[in-house]
Structures are given as structure tokens and as C-alpha cells.
Amino acid sequence: MTASQPEGAQQEFSSPWLLPRPAAARQPRRVPRLGWRRVGGLPWRPPAGPGAGGGTQGALGRGPAPLASRRNPAGPRRPRGDAAPALPTLRRSLLRAVTRQPLTKYVPSPLPPGPHRPQAPRAAGLSLGRRPARVSRASPAGSASCAMPFRKACGPKLTNSPTVIVMVGLPARGKTYISKKLTRYLNWIGVPTKVFNVGEYRREAVKQYSSYNFFRPDNEEAMKVRKQCALAALRDVKSYLTKEGGQIAVFDATNTTRERRHMILHFAKENDFKVFFIESVCDDPSVVASNIMEVKISSPDYKDCNSAEAMDDFMKRISCYEASYQPLDPDKCDRDLSLIKVIDVGRRFLVNRVQDHIQSRIVYYLMNIHVQPRTIYLCRHGENEYNLQGKIGGDSGLSSRGKKFANALSKFVEEQNLKDLRVWTSQLKSTIQTAEALKLPYEQWKALNEIDAGVCEELTYEEIKDTYPEEYALREQDKYYYRYPTGESYQDLVQRLEPVIMELERQENVLVICHQAVLRCLLAYFLDKSAEEMPYLKCPLHTVLKLTPVAYGCRVESIYLNVESVSTHRERSENMKGSRSSTDPSRKH
């Protein structure tokens, strides 16, 4: 300090880590090394007065207290006004300036209050934070809804704008099969999707089908009717995507001409919808004939015809479309369109201009499915010790009855006489012990582990209700979106099981030995069940579910192996039934 400076004057220091505090009468001084006047967009504010504020400061522009330096080895005296903050306080001030939010002290709690939904999808094994509870002011004081207000769930929005999937191809090429299977998958992962089949609109407009002459290109009256049916379907597509909460609409029709496809593109451009084309191309006569015999003959168009007549008429209908068929041409006319061509039932694929996340997932899914005959067996592990005690989660071994089921399952598999049967289990004891009795190779999947109950692991439902009453009530309120503290929700489980579904679609005969919540998620996919139904599907112990894929769905056969067990199924609470809105866009339509 020089002789000309008064005692207590503010000193200047050379440390690049400290922000200087300018005098109150001057504008904020430019920091030479950092080159800024403000931090976080907030100007410096002068102190309220000498000595105000005590020892620490939170306002920006007031640097930390100066340290000892060569100019003042003993350290500076107390500066005028407020004392500058320490570095941790300065960091908090910077954070407050950037976020423009007041900083509140965080008090750790093993179970902070509040629901665990709505929530964004997450990767398996990642633990996300929980939203705080919101108080319902509309509820009367003292009512149950005031203490535990219902919070409407909402699913993840995986599309930044609605998408119209347009099917292209001749009749009997599997367009409707792809449409329904893809819709089932998208709804399962939480993307509200609906199929709009123009053939159903045509049957509604023309009550009585006569013959293939209706599809002749020179039948002008019929052409007008078919165009009006397509326009009616597009109007419903618009309503679904703009008013009903849908994210993806599948426009299932032949769409074999460029004129029709240009009309759809114009419609999408007017409404700001994305468009993705899926063309199914198949020139194998045996595949076409098989599709006609399996699906088309049972169509309402041929309810009064025998098989031979129906086959002949449908082949002539295909000829009517072939005369004007213009395939997608990604090399010339359609090079700017987003599309995938599925050639010969998945033997080859041609992909062009995939432009967003959901389109890439659609392509990945279509490249994994096949139409070969196969059987999928799903079952839970044998009864374990925690099942007997009524506890959830954990990793306990089989009970005596569980071991009997494992032996019974081994005999059942032998009786099925399946070649190249693959066996999958989780990494938990009960499924591994069940699989070991089969005397077959098995693969362990971590993704097949039971839902993680977090802090509620190895507790009974009565213990959860007594220890964590709010968590118990929240789960009863919405079992699909509720996430256990430090654990998982059914929605998380669906995301974790997506690779399993992809691999199941690639397989032929497979036996999956898993757990109750996992089995519910897998079964919901194959049976096209909604998120609301999924957590309440009945999947009893010591029962094998035999799934056989058919044309537009899956046939299920339940086989009980005559070994007694406890029941672990819990019905939905009566007071929670019907509490959710049927118009919730996160629900499958």
C-alpha cells in the first residue's frame, strides 16, 4: 500500500483466477485476461453500503477476497463494503447467473416425494432423477386426491413432427402384414401409431363386391370411388395426427402410381407431415400364392366364393394393377424421397435418404423380421423361495416345487421334438436353475433380468405399504410409468427389452425362461397389448405360453405343467380402474 492511498482502500492483484471488484462509482472494469464485463448476462451491482452483507457475497462482479501477494505479504486489510466471497460461493453465484434461478439448499433424502412420471426413455442401467410432487389445489381439503393427486402420464415423443408411412406394392405382397406388425412394434415402444387401410374404406363405400372388374383401370366410375376412399382415409390421417395425439399414421394401400404418391406428398406438405415410403416387392409365385391362400381368400370380398374362384378372381385383380404399376425409383424419379424397398420378403433391402431417428428404427426393425414358420415358448422360472415369502425382486433359488417344474419343463421340451431349439435365460439363479434341468445349452441375457425394484427389493407388498406408503400409492396409480426409487419402471423395462425383441424376430424356435414383469412386456408385444394393460397381464408360474405367429397376429396356447405354485398376480385396484383418460396420446389406439 502506498502512502497516498487511504487505509482500507481496495487493492489490485494479478491473479488471473480472481474477478476484481471495481469501485461503486465507476462502471464495471474490463478484466484484461478474461475480456468480459459481465458474467452470465448480469451487470455488476454496487454494495448496499459499507460493511453490508457480512463476510460472504453472492453478487456477480464482486471478486473473492484478495490474497497475500508480493505487494502486501501480510495480506490485505478488510476491503471497503462487503467482503468478497470465497471461491465456492463465487461458483454458486456464477451458476445462479447462468441459470437465472434461485439456488435452494438440497437436503438429501432416501425417498424424496413425488411421482416418477412423466419421464423420458432412458438407456438400460441409467438412473434418472425424480420429479417433485405437485400439489392439487382443486382438490377439497382432506380428500384423498389432495393427499395423493393423480398425475396424468405421458409417453415419450420420439418424432419431432408427425410421420405418414406410405405402403407401396402390388396386392398380396405383404403390405398389410408389414403395416400391422410395424404398428404393433411402434406402439409397444411408446410411439402412438395407427393403420389406415384404404381397402376397409372401399368396403364401407361399396357394400357388395362383384368381381375384379371394379379394379380395371378403364372403369372410370370405380376409379372415382377408389380415389374418394383414399381421400377419406387421408382426412382421418390428418385428424389422428393433429387432434388425437398420434405420432405416426400408416397409409396402407397399393399406391402403385406416381400420380397417387404425388397426391400423398402434396397432402403431407400442406400439413407439415414427414413421409416415409415402404415398398414390398416380390416376384416369387409361390410366396404370392401362399399369401393369397392364407389371407385373401378369407377376406370379406370372397365370403361367398370357394377357394378356386377366389384365387382366380384375385389373380385377375393383380393383373389390373400390374398394367399401371410404377415402382419407386430411388436412382431417378424418387431420389429425393425417404424410402425402403423390401425385396423378396426380406432377402434384400434398398434404403434411400433416411432422415430421422424414427425412420432409422423402422428400417432396423424391418431388416430383422421374417415370415418363416417358427414357435416361441415363453415361461417364468420355477417357483423360488422369495415367491413363497411374498417378496419381490432379489435373487433366490428354486423351491422344491420349482425344481419339480424344471424337471416337468425338461420332459415337455423333449415331447415337442424341436430341432435347433435355443434357450434363453436371465442372469438370476431361478432361471438358470430352471434351464439347467433341460440338459440343453442356454444363453444368459442380462436384459432378461427382472424389473429392478430399487429400495423395495426383497420386500413384501405389505412391507412396502408400511415403509413407503407414498411410493405404494403412486405405483397403484400408474403401474406402467411408475419408477421404483433407484429402480425401474415398466417403461424402462420395455426399452431394455427392445434388443431381445429384435433378436426374437430373427430366430426360429426359441424358449425364453424369464420373470413376471419381463414376460408381461414380451407378451404385450406379441399380443398387441397397450401400456395400460401390460402390467396386469396374467403370467402364472409353472405355465408355458406357446406363441405361433400367423398372418396378422400371433396365436397363443397356454400349457399348465401340473405342478402347484403360489400366485404372484395382483389385480388392479378397483378405485384406480378407469381413472386414466382414454384420449391419452401415449396410449395405443
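Each Cβ is built from the backbone N, Cα and C atoms, and glycine gets one as well.
Bear in mind that TrEMBL entries carry predicted annotations, made automatically and left uncurated.
Given the structure is predicted, the values throughout are model-derived calculations rather than measurements.
Around H381 (active site, tele-phosphohistidine intermediate), a 10 Å sphere centred on its CB holds 30 further CB atoms from the protein chains shown. In the three-state DSSP classification, H381 (active site, tele-phosphohistidine intermediate) falls within coil. According to TrEMBL, the feature active site, tele-phosphohistidine intermediate maps to H381.
Counting Cβ atoms from all protein chains shown, E450 (active site, proton donor/acceptor) has 24 others lying within 10 Å of its own Cβ. For E450, the entry in TrEMBL reads active site, proton donor/acceptor.
Under the heading compositional bias 'Polar residues', TrEMBL lists 1-14 (among others).
According to TrEMBL, the compositional bias 'Low complexity' annotation covers 16-26 (among others).
Positions annotated as compositional bias 'Basic residues' by TrEMBL: 27-36.
TrEMBL lists 50-61 with the feature compositional bias 'Gly residues'.
Look at TrEMBL and you will find 62-75 (among others) tagged as compositional bias 'Low complexity'.
The annotation compositional bias 'Pro residues' is assigned in TrEMBL to 109-118.
If you look up TrEMBL, you'll see 578-589 (among others) marked as compositional bias 'Polar residues'.
Under the heading domain '6-phosphofructo-2-kinase', TrEMBL lists 152-373.
The region 'Disordered' annotation in TrEMBL covers 1-142 (among others).
Marked as region 'Disordered' by TrEMBL: 570-589 (among others).
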Checklist entry - Whole-number Å distance between the CA of H381 (active site, tele-phosphohistidine intermediate) and the CA of E450 (active site, proton donor/acceptor)? => result 11
